[in-house]
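Q: This is the structure, below, for whatever I ask next.
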Amino acid sequence: MYTNVLLAALLLAAQSASAAVQKRALSSHGWQKRSPAPPDGPIKLHVALRQEDGGAAIERRLTQASDPNSAGFRQHMSASQAVELSPPTSGCVQSVEGWLREHGLLEKASSSAGIFEIDTTIRLAEELLNTTYYTFSDGVQMINRAEVYHLPEAVASSVDFVTPTTTFPRAASAQNVLAMLTKRSAPLSQRQTTGSKDCNGPDDLATPTCIRKIYDITFEGLNYTSQPNRTTFAVYATEGASFNPADLQKYLEEYNPSAAQASPSYQVIGPGDSRSPGGIAPKFETSLTTQSFLGLAAPEVESAVLYNYGGVFGPEKGATYDNFVTFLQQLISNTTVPSVVSVSESAPENLFDPDYARRLCNMMAQAGARGVSLLFSAGNNGPNGDSAGGKHKTIFEPKFPASCPWITAVGGTTNVADEQAATKDTIPLTSRLGFTSTGGGFSNVFPRPEYQTGQVQSYMDQHIPANYQTTSGFNASGRGYPDIAAFSTQFPTFVDGFQLPIGGTSAATPTWAAVIALLNDYEAFHNRPHLGFLNPWLYSLNGTGLKDIVKGGNNVGDCLLSQGCSLGQALGYDVTPGWDPATGLGSPMFRNLVKALDAGYVS
C-alpha cells in the first residue's frame, strides 16, 4: 500500500515538475485542427536562451550608435561584439544542454546568436516538450503546431521561447492579395496593367522613373560616383518563393533599361525554392519586392541578396517565424551583412506570445547594432483587426514586427499628383483587393521609445478622440508606427511573364529601402559608415529631407455590423502635419536627405 502511495506521489511530482511552465497558443484564428502530426515528420526547433539583462545592453548600445548627438553615432558592431553584448544568464547554457542531453538531442543541436537549433522529429519534439503536435489547415496550406507545451521548472527560467510550437502565422485567407485577384479577376494571361506612365495622375503607374521623379532621386550635380559591389541590399522572402530571373529582366528592360544592360540578379541565401514554386499566390510578393527594389536602386547599387528560408508558403510548411529566427541569426552572426533589408510582412501583434515578440525585437536590435537598416511594412488593414472576409473589427490591432521600436515601419500613400494616405477611398480600383488602408497605431507590447517622445506625444495630446481611451486594443503609451511612408499603389509587376499592378505597404517598403541603399552608397563613397538603425536620425530631422503628408487617414473601411459598427467607417487616425499613425514622418525627398547627411554627420 505504502509503495503504491509512494509511486503515485513520485509520479505526481514528476508530472508537476515537467508541467511547471505552460505556454498556450494565443490564437489559431483561421486554422482548423485536422489530425495528429506524423510522428516521423521532421521539425526544426529553436530554443532561445534567456539573456543576462533581458537585452538591455544591446539596446543601450544601439541607442548610442543611432543617436546623431552621441559620440558613438554610427559606430557599428562586429558579429562577435553583438553576440558578446547579449550573453545568456548564468547557468543557462548548462541547464538547457542538460535538458537536451537527457532527451538524446544535444548532439543534434547547434547554437548561434544565443539560440539552440535542433533538427529532430515530431515524436522527439513531443517528448521534449511534453506536448502533442497537430496538423492545422487554413484551406491553402498545412502546418504543424502544438496547442500547449511544457518546460521543466529547472529549464523554464533559462528559456525565452521554443518554436515552432504555439505561435500561428496568419491564415492565408486573410493575408494574400493576389489570391483574391486570382479568384475575382480574369486569368493572369488575360489581364493587363492599366494606368499611365506620365506620373501626374491619381491612377498612374508607380514606375521607377515616376518614383525617382516624385522623390527627387538623382545624383546629378552631387559629389558621387557609383562603384560595383560597394553596397549590398537585401530582401527577405516572406512566402518561400524566390524571384523569377526572367521576370526581373523583363521588368528592368521595360522600366529601367540602363540597369537591364548589366542583367543584375539576386544571390539567394537559404533553402527556399529558387525556381519559384508553382501557383500564382506564392510568387507575387517576392516578385513585387525584388523588382521594385532593384528597379529603383540600380544601376547605382546592384549587389542584391534574397534571404529565402521558406516563408509562409515555403518548403518548411508553416514555420514562418522559425525561418525568420534563422534569418535574424544570420544577420547577427555573419561576418558581412547587407546595409539594408526590406521585409514585406507584419501580422497582428496579439498572435505572438509577448516573450517571443520581445526576443525577436531584441534580435532585430542586435542586427541594427551591426549596421543593418531593417524596414518592415506597416500592414494593409489600417489600425483595426480584420476578419477572414476583410471586414474590420471595432478594435485596435497593432501589427508586429512593425511595432518593434528597433526597426523602421513603412506606411503607404497614393496619388502621385497629390500624395496622401492610402485608403480604400483614395487608391485605384486595381489596388483595392486586400488593401483597405495603410497600417498604423500603437503597440500593446512595446512602450514608446525615447526618440518618439516629442512628435508622438504631440499627436496624442492634440488628435486622439477621447473615446479611443476606452476602446479595446488602444494603448496611449505604446510605440507608435509607422515611422515613414511611401507611394504604395499601381506598382507594375511581372509574374510568369505577365504584368499586373500591385499595391500595399509591401510596395512602399522596398521603395524606402532602395532610397536607404542609395544613401548608404553615397556615404560609402565619402568613406562614412552605413546609416544603420534609422529612427533616431529620422526623428531628429524635424521634417528636413521628408515630405510631410497632410491629407487623409487610415480610418476608412468596411466594418462588421456584428461588432457594433453602424457608420460604415472603422476606427482609425487622421493624417496631420508632423508625425501621425498613418504616414509617420512622411515620404522621402532624396536630395534633401543627402544634404542632411552632409550637414549633420559627426566624423
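The count begins at 1 with the first shown residue.
Even glycines carry a Cβ here, placed using N, Cα and C.
What TrEMBL says about a protein is an automatic prediction, not a curated fact.
So TrEMBL says this about it:
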BINDING   D548, I549, G578, D580  Ca(2+) binding site
DOMAIN    205-600  domain 'Peptidase S53'
SIGNAL    1-19  signal peptide
Q: What count of other C-beta atoms do you get within 10 angstroms of the C-beta of G578 (Ca(2+) binding site), across all chains shown?
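A: For G578 (Ca(2+) binding site), the count of other Cβ atoms within 10 Å is 18.
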Q: Highest Cβ count within 10 Å among the binding-site residues D548, D580: which residue is it?
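A: Sorting the candidates by Cβ neighbours within 10 Å, the top entry is D580.
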Q: Can you check how the pLDDT averages out over the domain 'Peptidase S53' (205-600)?
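A: Average per-residue pLDDT within the domain 'Peptidase S53' (205-600): 86.
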Q: Tell me the Cβ contacts of I549 (Ca(2+) binding site) under 8 Å, same chain only and six or more apart in sequence, or just say none.
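A: Same-chain residues close to I549 (Ca(2+) binding site) (Cβ under 8 Å, separated by 6 or more) are T413, E419, Q420, A421, A485, V575, D580, A582, T583, G586, S587.
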Q: Specify all same-chain residues, apart from the site residues D548, I549, G578, D580, whose Cβ lies within 8 angstroms of the center of the Cβ atoms of the Ca(2+) site, ordered by sequence.
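A: What remains near the Cβ centre is V550, V575, T576, P577, W579, T583, G584, L585, G586.
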